[in-house]
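Reading through the structure tokens given below for one structure.
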């Protein structure tokens, strides 16, 4: 339970029609009394003067008091809504700080107190910052879903399933004299597989949510002179890369951060992949592969004037064999202005094929729409939940321990090891919602918030 009271401006710094000062803690009611000159009625908006220590008026506006526990932080909360000039806001905060027991809030401290007082879990607290920082309607929808608890519900469902399975497994361990072999009756294996399948579905949606938040990493790869740099320029809308007819012009990695309808993408142009004798080009090609291995999606560039093939395994089997399985691939047949091919997307099973001309820009809009779809943009959906890198890491660790437990069950009927792996997996899932989190982790998360949130 906190004993100090915090204050900060809740609205963005700068000039505005309205500025809001937020106060939270046991001294909030005293602050209201000293600044407004009266005891405020709970959850009732009153238009009042805001007074300095000598009784002179600093400003006038709306005062709202929310007694605990029915407030954002779960503590007594006061909001003063005055004129939004920076001087006025600063004068009000300085006035409030003259009252004993009040100090300036740290970044994210209001949300941190809401979390510590069980007003929201950790994913919901993080969703507040994500909603504020959303760069597209789709990202805002996803952040709102997390704020409303959609992500948390999925995690809680997994945790509940793990708890029930742990009870069953540990009962089998504790009561070995029972005639029924609980570990071999099929229920444990079936329930464990159902949890793994459910976790895989959550991981897939969380990965989509992380892309929505952090942006999708798209690597343009292919042989020299396929038009990779021209495509980077076409997508970024500027001449980021040097374009010539000389194969191997690009020898290093080029990056551009762009937005498509507000959705962030990190576009990376790489050196043409081939067996190079030049030492500098070799380094560039190895860097290209480093980027490819970390990509969310690879745009496989093909010079349409050199082949009629559309299957990347036929065009370049060595490249496909070396490409990690989890990375999505889109085949780009470039130079359609010369081959006179029909432009746009052609879904020939998988991967997706797009015909375009990077030089003229024809067909590039089809690629932009395709990339939006890959990021989860639908235009009319409610949006999935938002996720962060730490969520993905925790989900992955949980999945790894479940798979270890499954191997021990299937191979050795090792109930004790399975029970321990289930416990560790549950612990990793609890880290996501904050039911098990170190103080250091909480400090890092909330320090990234705005002051006043």
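Cβ coordinates come from backbone N, Cα and C, glycine included.
Copied over from Swiss-Prot:
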BINDING   22, 79, 119, 453  (6S)-5-formyl-5,6,7,8-tetrahydrofolate binding site
BINDING   225, 244, 246, 249  K(+) binding site
BINDING   225-230, 244-250, 269-272, 334-337  GTP binding site
BINDING   229, 250  Mg(2+) binding site
DOMAIN    215-376  domain 'TrmE-type G'
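Feature map: annotations from Swiss-Prot on the structure.
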{"residue": "79", "record": "(6S)-5-formyl-5,6,7,8-tetrahydrofolate binding site", "Cβ contacts under 8 Å, 6 or more apart": "10, 20, 21, 22, 23, 62, 63, 64, 66"}
{"residue": "119", "record": "(6S)-5-formyl-5,6,7,8-tetrahydrofolate binding site", "Cβ contacts under 8 Å, 6 or more apart": "72, 73, 74"}
{"residue": "335", "record": "GTP binding site", "Cβ contacts under 8 Å, 6 or more apart": "227, 303, 304, 305, 357, 358, 359"}
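The binding-site residues under consideration are 22, 228. Their Cβ neighbour counts within 10 Å are lowest for 22.
Take the CB of residue 271 (GTP binding site) and look out to 10 A: across all protein chains shown you find 27 other CB atoms.
Between the listed binding-site residues, namely 225, 229, the fewest other CB atoms within 10 angstroms of a CB are found at 225.
Per-residue pLDDT, averaged across the domain 'TrmE-type G' (215-376), gives 83.
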